[in-house]
Amino acid sequence: MQCSWKAVLLLALASIAIQYTAIRTFTAKSFHTCPGLTETGLAERLCEEGPTFSYNLSRKTHVLILATTRSGSSFVGQLFNQHMDVFYLFEPLYHVQNTLIPRFTQGKSPADRRVMLGASRDLLRSLYDCDLYFLENYIKPPPVNHTTDRVFRRGASRVLCSRPVCDPPGASDLILEEGDCVRKCGLLNLTLAAEACRERSHVAIKTVRVPEVNDLRALVEDPRLNLKVIQLVRDPRGILASRSETFRDTYRLWRLWYGTGRKPYNLDVTQLTTVCEDFSSSVSTGLMRPSWLKGKYMLVRYEDLARNPMKKTEEIYEFLGIPLDSHVARWIQNNTRGDPTLGKHKYGTVRNSAATAEKWRFRLSYDIVAFAQNACQHVLAQLGYKMATSEEELKNPAISLVEERDFRPFL
């Protein structure tokens, strides 16, 4: 009986491997089911086009925003979501993690990581080719006739909330709030979404579920893709403060430390150090400029984007070789000097961007900051984040803790 938990864990991991193998085998076959489509004329049109989605051999630009939770990735995602010629997806890898990784393991084991990364790369490759049917393997319950209401944060994608993918009677073309999209649009038709994807020149995907750029090498080197990686980093002290505020239960011991002034003996330090280790490993690879990343990698500090959003956005689009859309410029103008009361939603993007980047300095005690600086000193120096040497320095907004650095893209 003492080994029963090991047996359960082994069975769970075996089940994951079997699921993933089955998905790989099944998805090698056609997803196309013309008879199941009910829209007038749509089945015939798709049947004439062929039974499968072909690989896109044009030079579509495929953008991946590589980030971690609470690093400003939703904000960066909007810089692409607002572009009229970009098909943007918000965290599609959520479905992979939710389906393949048992909740009780939280995806921390090496075996979980290998399964997750293999499945994630396969899904990303398919999504960049506008094959949204592949996503159905990870949606529970499975879509019926390629329609579902279970796509994670569907409302965060403008295209999925606009005509022709969404066509609610009597509604205007503009749906402002994510919740409005979900309520007014009804079921998501993945066939229509795939058509909308193919009509656009570029595909952008945001993820916080790939630890580092090395994990993407197979996709970067895939000749069928034109993948460019925007790695978004943020001061780990700021990430810790934001997560403690947003995920109050998960980070309750950090909050307890802040409230009592005493460090809990059972504090999960990996909630901080994992971020620093992943940043350091990934950024080290990027800054070494290996040949496989030439023209494919750009490092962006959230703080630089927050201080000068228009300038940094122009640099990002120049690196990608995509013309900057006027809708993007307008969105930046309207959403980076916003009323702070409008940015309280934990995934909101309306904010005073410069103030938001510095807010962590008033949400952490100096003891916690000193601990974080000691644990993450290498990556702080690597990314140009200065140490706060006293409580007074930490709380003084006139003293910048961000060095001037010019992280140029590897061209």
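Every residue gets a Cβ built from N, Cα and C, even glycine.
Here's what Swiss-Prot has on this protein:
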- 2-23: transmembrane segment (TRANSMEM)
- 24-411: topological domain 'Lumenal' (TOPO_DOM)
- Asn56: N-linked glycosylation site (CARBOHYD)
- 69-75, 234-242: 3'-phosphoadenylyl sulfate binding site (BINDING)
- Asn145: N-linked glycosylation site (CARBOHYD)
- Asn189: N-linked glycosylation site (CARBOHYD)
- Asn334: N-linked glycosylation site (CARBOHYD)
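A map of Swiss-Prot features onto the structure.
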residue : record                                  : DSSP (3 states)
Thr69   : 3'-phosphoadenylyl sulfate binding site : coil
Phe75   : 3'-phosphoadenylyl sulfate binding site : helix
Asn145  : N-linked glycosylation site             : coil
Asn189  : N-linked glycosylation site             : strand
Asp235  : 3'-phosphoadenylyl sulfate binding site : coil
Ala241  : 3'-phosphoadenylyl sulfate binding site : helix
Asn334  : N-linked glycosylation site             : helix
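Ranking the glycosylation sites Asn145, Asn189, Asn334 by the distance of their Cα atoms from the Cα of Ser71 (3'-phosphoadenylyl sulfate binding site) places Asn334 first. The binding-site residues shown are Ser73, Phe75, Arg237, Ile239, Ala241; of these, the one with its CA atom nearest the CA of Asn334 (N-linked glycosylation site) is Phe75. Rounded to a whole number, the distance between the Cα atoms of Asn189 (N-linked glycosylation site) and Ala241 (3'-phosphoadenylyl sulfate binding site) is 38 Å. A distance of 26 Å separates the Cα atom of Phe75 (3'-phosphoadenylyl sulfate binding site) from that of Asn189 (N-linked glycosylation site).
The two recorded residues Asp235 (3'-phosphoadenylyl sulfate binding site) and Asn145 (N-linked glycosylation site) have their Cα atoms spaced 45 Å from each other. Note: Asn189 (N-linked glycosylation site) has non-local neighbours His146, Thr147, Val165, i.e. same-chain residues 6+ apart with C-beta under 8 A of its own C-beta. In sequence order, Ile65, Ala67, Lys206, Val208, Leu232 constitute the residues six or more apart from Ser73 (3'-phosphoadenylyl sulfate binding site) in its chain with CB-CB distances below 8 Å. Mean pLDDT, taken over the topological domain 'Lumenal' (24-411), works out to 87 on the 0 to 100 scale. Geometry remark: Thr69 (3'-phosphoadenylyl sulfate binding site) versus Asn145 (N-linked glycosylation site), CA distance 33 Å.
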